[in-house]
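Colleague: Encoded as structure tokens, here's the structure I'll be asking about.
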Amino acid sequence: MDFLDEPFPDVGTYEDFHTIDWLREKSRDTDRHRKITSKSKESIWEFIKSLLDAWSGWVVMLLIGLKAGTLAGVIDLAVDWMTDLKEGVCLSAFWYSHEQCCWTSNETTFDDRVKCPQWQKWSELLVGQSEGASAYILNYFLYIMWALCFAFLAVSLVRVFAPYACGSGIPEIKTILSGFIIRGYLGKWTLLIKTVTLVLVVSSGLSLGKEGPLVHVACCCGNFFSSRFSKYSKNEGKRREVLSAAAAAGVSVAFGAPIGGVLFSLEEVSYYFPLKTLWRSFFAALVAAFTLRSINPFGNSRLVLFYVEYHTPWYMAELFPFILLGVFGGLWGTLFIRCNIAWCRRRKTTRLGKYPVLEVIAVTAITAIIAYPNPYTRRSTSELISELFNDCGALESSQLCDYINDPNMTRPVDDIPDRPAGPGVYTAMWQLALALVFKIVITIFTFGMKIPSGLFIPSMAVGAIAGRMVGIGVEQLAYHHHDWIIFRKWCRPGADCVTPGLYAMVGAAACLGGVTRMTVSLVVIMFELTGGLEYIVPLMAAAVTSKWVADAFGKEGIYEAHIHLNGYPFLDVKDEFTHRTLATDVMRPRRGEAPLSVLTQDSMTVEDVETLIKETDYNGFPVVVSKDSERLIGFAQRRELILAIKNARQRQDGVVSNSIVYFTEDPPELPPNSPHPLKLRRILNLSPFTVTDHTPMETVVDIFRKLGLRQCLVTRSGRLLGIITKKDVLRHMAQMANQDPESIMFN
């Protein structure tokens with residue numbers, strides 16, 4: 001019996017930092033499905049097994065949704081409590097946040113709903129004073145100490161237990177979904193440490209969010225459950241379908257936006273997204289959102305993070321400031337990407353990268369020291385965005401709603417007309433201006449440190465601050481100059497015509513779009529996030545303008561920029577290849593290089609093959625009829641050659657170093673005293689993808705993108721000339737763009 005008739009360990013697997021062969025994985029899954037279908041007709045038990053196999057995908061989606069929703073709920077509750085812990089503690093139950101503590105108090109009044117005897121600031125608890133310079137200094141000092149403690153614990157856990165738990169995770173998820181192998185990046189330790197440290201870093205007050213890392217957490221859940229089913233654990237292509245759906249569930253629980261999550265996975269992170277994956281992503285996002293809603297971490301019985309109710313429609317004249325906010329978002333996105341990439345490159349190439357703990361401590365200390373005096377930077381970024389989005393109703397106590405009221409006003413409370421701004425609004429305006437500058441600068445240095453760090457919320461905060469300031473400006477302009485021709489039709493005295501919260505929402509969408517270059521999914525996430533369904537047109541206008549402006553300075557979003565910075569082999573479908581080069585210009589070997597390393601179909605010994613493997617580091621070898629004719633037969637993977645020879649020596653008698661290796665179906669008759677031959681036809685890919693030497697590189701790049709190839713052989717009239725790998729394509733594209741081709745580090 002041929003030893004290859006039985007499966008042997010590790011066959012069909014890939015080494016770390018290598019790219020999978022999508023065509024091969026698809027073919028293997030088709031074979032597996034064909035076997036199951038034919039066996040299902042043999043007996044009832046086989047039929048039941050085929051049903052279980054068909055339903056296993058939906059079971060995995062259900063488990064991912066449940067776990068991702070549960071983890072997101074726990075993270076939200078823990079972040080609320082630990083963020084408030086920096087300022088005080090609840091005496092009745094120390095695990096309550098400030099809001100929960102005052103909910104449960106019988107002594108809380110409507111006018112002072114944020115104050116209750118059970119909640120005490122640290123100065124009240126330690127020295128019995130709530131006001132005065134000494135109380136302020138003590139609270140200030142403890143705020144900084146708590147922030148430093150949380151940040152130090154987070155960076156230490158990441159560094160010691162799970163180095164892959166740092167960053168947002170989305171650049172690496174995009175690379176993994178394109179077919180790259182990064183072992184351990186979606187492992188159990190990464191899941192555990194990222195969940196714990198995410199709570200710590202968000203609570204520390206650093207300018208980062210938990211939304212991006214929640215995509216990484218959900219993908220870790222997806223990897224964990226898919227490894228429990230052989231259908232996915234033994235097929236890297238099928239596993240990536242599960243991870244695409246898990247990414248959708250991650251955004252679903254991050255923002256409470258299940259439809260936006262599916263579109264985000266489709267538009268932003270997924271490389272291969274068949275229709276079946278779309279349905280399963282929708283189901284996983286639905287289950288995750290339902291689980292989060294059941295936990296109710298925000299305590300308002302709503303799934304969305306920033307629910308708003310605006311009572312005023314928008315007017316056509318307001319499109320101009322909305323588009324201006326889109327321009328601001330595009331410029332901010334360009335500024336952020338360039339500055340952040342420059343800083344991250346400096347971190348990688350200088351001694352700064354050797355001290356990640358010190359860097360995190362320094363940035364945390366600077367953030368806490370500057371943030372505490374300003375009430376808009378002291379609170380958590382999510383609370384800040386929520387306040388900026390809110391409309392000013394009769395019950396609002398925010399400083400942003402300190403307008404001068406007309407005592408003769410007799411309108412209903414849900415239709416408050418525009419009024420002149422009071423001293424509180426002017427104070428808030430300059431505090432917001434300082435907060436805007438601070439957020440812009442500190443976010444550049446925070447994103448990319450060796451801690452979990454999301455970018456959605458800080459980007460939205462920058463846009464929301466700018467938007468609210470523009471909104472208040474337009475509102476006051478309309479109030480004081482309602483007789484101008486632009487305001488005459490829609491801003492009569494005593495009418496509520498401008499909603500500053502809407503401008504904050506549009507600004508948040510514009511800045512997030514400028515940084516990530518999202519469009520469709522961004523608009524859907526924003527209206528799901530806020531419940532502002534009738535404001536889709538302003539959001540679309542801002543998102544499109546933001547993308548146009550940002551694309552004018554560079555096509556890369558922040559995630560693609562970090563992929564290129566890290567040298568991952570990622571062929572972006574959004575990039576256009578416009579150069580007039582041919583396959584012969586890119587293939588190896590080039591002129592002056594050693595000839596291509598090949599295997600022959602029936603003239604090499606086991607020792608020859610082992611020597612070739614030892615002396616080269618190629619991932620595979622073309623198999624030809626002979627070195628003279630070089631007519632192509634197929635392609636053999638390096639890893640499978642090594643495993644096949646190793647297993648043959650152990651399990652097949654007579655295979656020695658001078659045994660002839662045959663890649664043919666029927667080896668010829670050998671003399672009686674010759675060693676036993678080794679037949680390796682089974683591991684040979686008989687249909688490797690080939691192009692001619694005159695194929696335009698534009699076509700070759702398109703083939704690599706759409707088929708997910710690892711390598712492509714170059715022939716002329718059936719004769720082998722050379723090989724083009726994914727790494728060769730990426731190097732060539734970098735060279736054509738006047739970049740360093742050696743920045744592509746992995747296979």
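One is the number of the first residue shown, and numbering goes on along the chain from there.
Here the Cβ of each residue, glycine as well, is placed from N, Cα and C on the backbone.
According to TrEMBL, the protein carries these features:
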TRANSMEM  55-75  transmembrane segment
TRANSMEM  140-165  transmembrane segment
TRANSMEM  242-266  transmembrane segment
TRANSMEM  278-299  transmembrane segment
TRANSMEM  319-343  transmembrane segment
TRANSMEM  355-372  transmembrane segment
TRANSMEM  428-448  transmembrane segment
TRANSMEM  455-474  transmembrane segment
TRANSMEM  502-527  transmembrane segment
DOMAIN    587-651  domain 'CBS'
DOMAIN    684-742  domain 'CBS'
Colleague: Under 8 Å between C-beta atoms and at least six residues away from its ends: which parts of the chain pack against the transmembrane segment (455-474)?
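Modeller: Non-local partners: 168, 207-212, 254-255, 318, 321, 324-325, 328-329, 332-333, 336, 376, 381-382, 384-385, 388-389, 400, 421, 425, 429, 432-433, 435-436, 439-440, 443, 446-447, 498-512, 514-516, 558.
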Colleague: So what's near the transmembrane segment (428-448) in sequence-distant terms, Cβ-Cβ under 8 Å and 6+ beyond its ends?
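Modeller: Beyond its ends, the transmembrane segment (428-448) has Cβ neighbours at 167-168, 206-208, 332, 335-336, 339-340, 343-344, 347, 363, 366-367, 370-371, 374-377, 384, 399-400, 402, 455, 458-459, 461-462, 465-466, 468-469, 472, 558, 562.
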Colleague: Do the transmembrane segment (319-343) and the transmembrane segment (502-527) come close, with at least three CB pairs under 8 A (pairs 6 or more apart in sequence)?
Modeller: yes
Colleague: Test the contact criterion for the transmembrane segment (502-527) and the transmembrane segment (242-266): 3 or more CB pairs under 8 Å, pairs 6 or more apart in sequence, then answer yes or no.
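Modeller: As far as Cβ distances go (cut-off 8 Å, pairs 6 or more apart), the transmembrane segment (502-527) and the transmembrane segment (242-266) touch.
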Colleague: Give the nonlocal contacts of the transmembrane segment (355-372) in its own chain as ranges (CB under 8 Å, at least six residues past its ends).
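Modeller: For the transmembrane segment (355-372), the nonlocal Cβ contacts are 140, 143-144, 147-148, 151-152, 154-156, 159, 204-207, 347, 378, 438, 442, 445-446, 449-451.
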Colleague: Just to be sure I understand, if DSSP states are collapsed into helix, strand and coil, how many residues of the domain 'CBS' (587-651) fall in each?
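Modeller: Summed over the domain 'CBS' (587-651), the classes give 24 helix, 17 strand, 24 coil.
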Colleague: Take the transmembrane segment (140-165) and find every residue of the same chain, 6 or more past its ends, with a Cβ under 8 Å from one of its Cβ atoms.
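Modeller: Apart from its flanks, the transmembrane segment (140-165) reaches 82, 85-87, 122, 172, 182, 184-185, 187, 189-190, 192-194, 196-197, 200-201, 203-206, 356-357, 360-361, 364-365, 367-369, 372, 378, 449-452.
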Colleague: May I ask for the residues of the chain that lie six or more residues beyond the transmembrane segment (278-299) and have a Cβ under 8 Å from a Cβ within it?
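Modeller: Residues 57-58, 61-62, 64-66, 68-70, 72-74, 76-77, 80, 99-100, 103, 218, 241-242, 244-246, 248-253, 256, 258-259, 261-262, 265-266, 305 contact the transmembrane segment (278-299) from elsewhere in the chain.
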Colleague: Within the domain 'CBS' (684-742) only, compute the mean pLDDT.
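Modeller: Averaged over the domain 'CBS' (684-742), the predicted model reaches a pLDDT of 90.
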